[in-house]
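Mind looking over this structure? Questions follow.
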Amino acid sequence: MKVGLFVMLGGGVGALSRYGLMLLFTDLSLIATLTANISGSFLLPVLMLRIPNTWPQELKIALTTGMIGGYTTFSTFSFEVLTFFQHEEWIQGISYGSATFLICFVASAAGFAYGSKGRPQQRKHI
């Protein structure tokens, strides 16, 4: 119950932040979605790798699952791509979808690299 409350609070902060982007880019909803997804893709690995182990687990979950989860939006991205397809704007839909995926993947890799800086490497046992 306590963890759920933290996730809800973090999700509220994330959703309000994304709403702020929508207000900032009023006529450019694709840019607002893309900005949220790129920055969230960068921030999540940074937080996952940089939040100290001494922090309460509830706070970690509030920031990652809650805030970043509420801030990023796969559902809006999917809707936007499908809207292009519905209007038979195939090139735009494929371009936007592919570019979003690639840019977010690169942002996530950059966040992972930044978050890993200065941390001792850990071996993954299979």
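Numbers run from 1 along the shown chain.
Placed from the backbone N, Cα and C atoms, the Cβ positions cover glycine too.
Take a look at what TrEMBL says about it:
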BINDING   GLY69, THR72  Na(+) binding site
TRANSMEM  31-49  transmembrane segment
TRANSMEM  61-82  transmembrane segment
TRANSMEM  94-114  transmembrane segment
Between GLY69, THR72, which of the binding-site residues has the fewest other CB atoms within 10 angstroms in the structure shown?
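GLY69, out of the binding-site residues GLY69, THR72, has the fewest neighbouring Cβ atoms within 10 Å.
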Given a Cβ distance threshold of under 8 angstroms, which distant residues of the chain, six or more beyond its ends, lie next to the transmembrane segment (31-49)?
17-18, 21-22, 24-25, 60, 63-64, 68, 71-74, 76-77, 80, 100, 103-105, 107-108, 110-112, 114-116, 119
Helix, strand or coil at THR72 (Na(+) binding site), per DSSP?
coil
